[in-house]
């Protein structure tokens, strides 16, 4: 039976927090979006939700270095994590951001999946691999979105997708890789299907036995 598709246009902003200790109660299901500062994360979120200003695009690092929570339905949250990889920020600030990302990915009980965005022309940088390792160690479902797919012709695009799929096999079979273009809408329907499935509550042992 196919999972009903969720309406991501209903997503609305809830709160921002500098770290895990300032987030709301750790219940329900969260799916987080993360990526380097130039990976097109804000544009992807806006395309998925069809809300142009949901994730404000900013070239100023300080404006986007908070954990931003949005609610889709009661108990179903979408999380916009701080972008990483800025070149023009002090090392102390970089380390602080990385610590906040690591803590959230490894300690947030309601976190079920990570959507990791990478520019299709420059995938799998060091910090991307670190994020994949943290998410894999936390047994999260992982969706790698290769953004700006419109920048490549179909042949090279398919080649990169296949290369990244092969490279991420080391992180287990919970990793999916898809091409994505906010400009052309490529991948939006597939992301909607995947996330709708991941937002479904898992059956508990009691529920399974009752069904039998």
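Cβ atoms are placed via backbone N, Cα and C, with glycine included.
What Swiss-Prot lists as GTP binding site is 35-42, 62-66, 80-83, 147-150, 180-182. According to Swiss-Prot, the Mg(2+) binding site annotation covers 42, 64, on the basis of sequence analysis. Annotated domain 'EngB-type G' per Swiss-Prot: 27-201, in sequence order, evidence recorded as sequence analysis.
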| query | residue 148 (GTP binding site) has how many other Cβ neighbours within 10 Å of its own Cβ? | reply | 24
| Rounded Cα separation (Å) that holds between residue 42 (Mg(2+) binding site) and residue 180 (GTP binding site) | 13
| request: Determine the minimum-neighbour residue: among 35, 82, listed as binding-site residues, which Cβ has the fewest other Cβ atoms within 10 angstroms? | output: 82
| field | List of residues, in chain order, with Cβ under 8 A from that of residue 180 (GTP binding site) and at least 6 apart | value | 44, 117, 145, 146, 147, 149, 186, 187, 188, 191
| said: Suppose we draw a 10 Å sphere around the Cβ of residue 41 (GTP binding site). How many other Cβ atoms does it contain, all chains included? | reply: 27
| field | Sparsest-packed of the listed binding-site residues (42, 66) - C-beta count within 10 angstroms | value | 66
| message | Can you tell me how many other Cβ atoms are located within 10 Å of the Cβ belonging to residue 38 (GTP binding site)? | response | 16
